Amino acid sequence: MDKAKWKRRLFLILLGLCVVAALPPFHIWPLAFVGLSGLFLYLDKTETKKQAFFTGWLFGAGFFGGGLYWLTNAFFVHADKHGWLVPIAVPALAAAMGLFIGLTCVLSVILWREHRAQSQVYGRLILFALAWTVLEWVRSWIFTGFPWNLMGTIWAFSDEMIQPAAYMGAYGLSLFTVLAAVLPVGFFYVEKRKKMGAAFLVGLIPIVMFTLGYVRLSDAVVETYDGVLLRLVQPNIAQADKWKKDLKIQNFQKLLDLSAARKEGAASPTHVIWPETAVTFPLNRDERVRRAVGSVAPTGGAVITGTPRMTQRGETPFQVWNSLMVVNEVGQVVANYDKSHLVPFGEYIPFRKILPLQKLTAGGVDFSAGPGPQTIKVGGLPSFSPLICYEIIFPGAVKDEENRPQWLLNVTNDGWYGNSPGPYQHLISARMRSVEEGLPLVRSANTGITVVTDGFGRIRHQIAYGNEGFIDVELPKPLVKAPMAATWQGLVNICLLLVYMMIAQWIFITYRKR
């Protein structure tokens, strides 16, 4: 094989890595323009669907390999069991996820059909952005779904730039982001006298997005609930120590101490919130632990904590759930939620009968899935939607549509991944759901990042990654009127796709070959 082909393949992978640098927490967003424009230029030179697919797959391998490399940290937590998977897992994941970008490129050339004239480039750019967004959406649900690092998140360094998600959702934001990123290509295709107009188009979309966000936030008024003061606890327990039998009592005592601590001259909290699986003992089967948890619950309030839930002794079949429980001051469980969107290979092994693997989390039994989103209402608290770990990353799937909550509660444990891009990317996804739904977000994380946002996704309080402690915070109220994305997201996205198709078709007809 000649060197030119190898250089081309390597360069496509590097272009994918360029886009990674635009993602959280780096936010070097111009590199998304470089990477995606470069991909388009290569794609526009392909002659067959096979070439288009391979072009996109190489780019996708770089994009997902660089964007998800931090997952290897989870395999080092128990390196004796899972360390051997490190050189396999991420390359395999990158290769598999790269298929989505390969299919994006195939869909693009199908939509372009014979419209490959230089003068029709803007039509092709529009349809490329459309194809990218369609495959992002497919990625969010196929094979249980993994909508991580959606392209619109490159703007999350700015509260203003992510506000358009309130109108068009995460996928609409990706649609305009990808279009903005590939528009520089037009500069290389148009005649010299039109280059100024091409340069203007490059900056138009980001300017409009910022202006829209600025106007939305300029008169934003956020109120808080009277009589509600939440204590968010971040114990910062290392994942390697979390499930050790000789440290379980010590870890549990840390949670109790942080919850019972008093600030001189400050109001006492009304409710305490602990992270995902903060209590490593199954609360529903251990009355002593429930009473201990209840002992630090404020009078008339409760402790809300993540914990494993198991079937009672003697019940068959034996099942385990990753759960959230609300425990009152006398140690009673007054509400329960079972995680419904489980992490493949982390909480269960797909095709267990043919894959001789151990899941990453403790225990030899796969977790069972709960029934889905629900709204919990307990005394003294506005109703909330509980979301455990990465359930928060799924656009349009974070609440019970029949019973709208007043706020989102995300309990998580990102200690698996260390101080890597992973926890920061996870947080950005959570903030995006807050913007889309117009609901405040309360997030309690084991090692961080613990935050409270208002209904515009703006961080009001936080505990940085790797710190131990707690914060007492007032609970913001939701937006008076739910954003368009919260109620009409599906219709909005369909309309956007149709408009894009019509504009592209108009360009193709207007500038068709003579």
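Every residue, even glycine, has its Cβ placed from backbone N, Cα and C.
Fair warning: this is a prediction, and the values are worked out from it, not measured in the lab.
These features come from TrEMBL:
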- 12-42: transmembrane segment (TRANSMEM)
- 54-72: transmembrane segment (TRANSMEM)
- 84-113: transmembrane segment (TRANSMEM)
- 125-148: transmembrane segment (TRANSMEM)
- 168-190: transmembrane segment (TRANSMEM)
- 197-215: transmembrane segment (TRANSMEM)
- 233-477: domain 'CN hydrolase' (DOMAIN)
- 488-509: transmembrane segment (TRANSMEM)
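Under 8 Å from some Cβ of the transmembrane segment (54-72) lie the Cβ atoms of residues 9, 12-17, 19-20, 23, 35, 39, 42-43, 46, 86, 89-91, 93-95, 97-106, 148-149, 417-418, 420-422, all in the same chain and six or more residues away from its ends.
Within its own chain, the transmembrane segment (12-42) has Cβ neighbours under 8 Å at 55-56, 58-67, 101, 105, 124-125, 128, 149, 151, 153-157, 177-178, 180-182, 184-185, 188, 202, 421, 424-425, 427-428, counting only residues six or more beyond its boundaries. Residues belonging to the domain 'CN hydrolase' (233-477) score a mean pLDDT of 92 in the model.
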